[in-house]
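Quick look at what TrEMBL annotates:
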- 6-31: transmembrane segment (TRANSMEM)
- 43-62: transmembrane segment (TRANSMEM)
- 82-104: transmembrane segment (TRANSMEM)
- 124-145: transmembrane segment (TRANSMEM)
- 183-204: transmembrane segment (TRANSMEM)
- 232-254: transmembrane segment (TRANSMEM)
- 266-284: transmembrane segment (TRANSMEM)
Amino acid sequence: MPSSTTLIFMVIFCLESLAAMLQNGFVITVLGKEWVRCQALSAGDMIVTSLAVSRFCLHGMGILNNFLASFKSCYHIGYLNIFWNFLNNLSVWLTSWLAVFYCVKISSFSHPVIFWLKWRISRLVPRLLVGSLIICGLSSCFFSIEQAVNLEMINSQNPHGNCTAAPGVLTFSRYYFLCNVGFMWLIPFLLFLVSIFLLMFSLCRHMGQMRNGRPGPGDPSIQAHSMALKSLAFFFIFYNAYFLSLVISAMKITTIQSHWHWVREVLTYASIYLHSLILVLSSSKLRKALKTKFS
């Protein structure tokens with residue numbers, strides 16, 4: 001029987017995950033209706049919609065995965081972990097592409113590469129989304145192999161608890177962990193950081209130009225910069241904790257029965273929920289739909 005502290009964090013985790021699913025479901029519904037009506041979506045809305053779909057499924061899979069693990073269901077081993085790994089990696093990559101998109105479309109750099117991207121980023125977005133699906137799918141294939149390796153290591157334990165698996169099995173498991181953290185988590189994390197810092201630098205430079213030119217307080221470029229920075233900077237605070245929690249989870253430092261596991265899960269999924277909330281509040285289209293729904 002879980003302790004009272006563990007039960008409290010389990011309830012919090014469940015409630016925040018359900019709220020996040022409702023939130024992402026709202027984004028999918030609004031942008032899905034627009035796509036049906038106009039037969040097209042802007043590049044930015046395509047990324048936001050894809051991110052909302054992945055996070056909706058991620059929160060649902062998180063609830064199912066954690067609770068089946070808590071009750072030691074045999075179905076927990078294997079398939080659910082593979083699907084969770086795919087959705088988590090996809091969410092990480094889509095978040096990074098959203099940051100890159102904001103940086104390219106809003107920043108005011110005059111570098112030829114930035115000009116080239118400004119003209120082509122909208123046409124590149126569908127390819128980036130498909131590429132992310134392919135990369136995450138391949139990563140999940142390797143993850144399924146790693147899961148089989150873990151089962152082999154468990155089955156190879158002797159009665160004294162010592163693992164008798166071949167050294168090659170252990171080596172593969174370690175190399176997979178390093179490659180997954182390096183390619184599937186670290187690269188998008190660095191893309192996210194670079195995009196934020198470039199956008200902040202562009203905003204500071206534009207504010208300096210604004211002081212010299214003295215335009216009105218409602219300068220649309222400043223408003224665009226501020227809106228994007230609110231979304232990106234706010235999520236940056238939680239993204240570091242999210243990245244750290246992924247590494248801790250992969251290292252299996254805490255067990256499912258420990259209340260610290262549920263504390264980590266609450267903080268991890270809260271960061272995703274809060275970033276989605278900022279995306280909704282910073283989008284005039286979603287904000288208008290939200291006001292219409294509750295008016």
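Keep in mind that glycine also has a Cβ here, set from the backbone N, Cα and C atoms.
A contact links the transmembrane segment (6-31) to the transmembrane segment (266-284), because at least 3 Cβ pairs that are 6 or more residues apart lie under 8 A.
For the transmembrane segment (124-145), the partner stretch with the highest count of Cβ pairs under 8 angstroms, out of 43-62, 82-104, 183-204, 266-284, is 82-104.
For the transmembrane segment (43-62), same-chain residues at least 6 beyond its ends with a Cβ under 8 Å from one of its own Cβ atoms are 17-18, 20-21, 24-25, 27-28, 31-32, 34-35, 80, 83-84, 87-88, 90-91, 94-95, 97-98, 101-102, 105, 121-122, 125-126, 129, 265, 269, 272-273, 276, 279, 283, 285.
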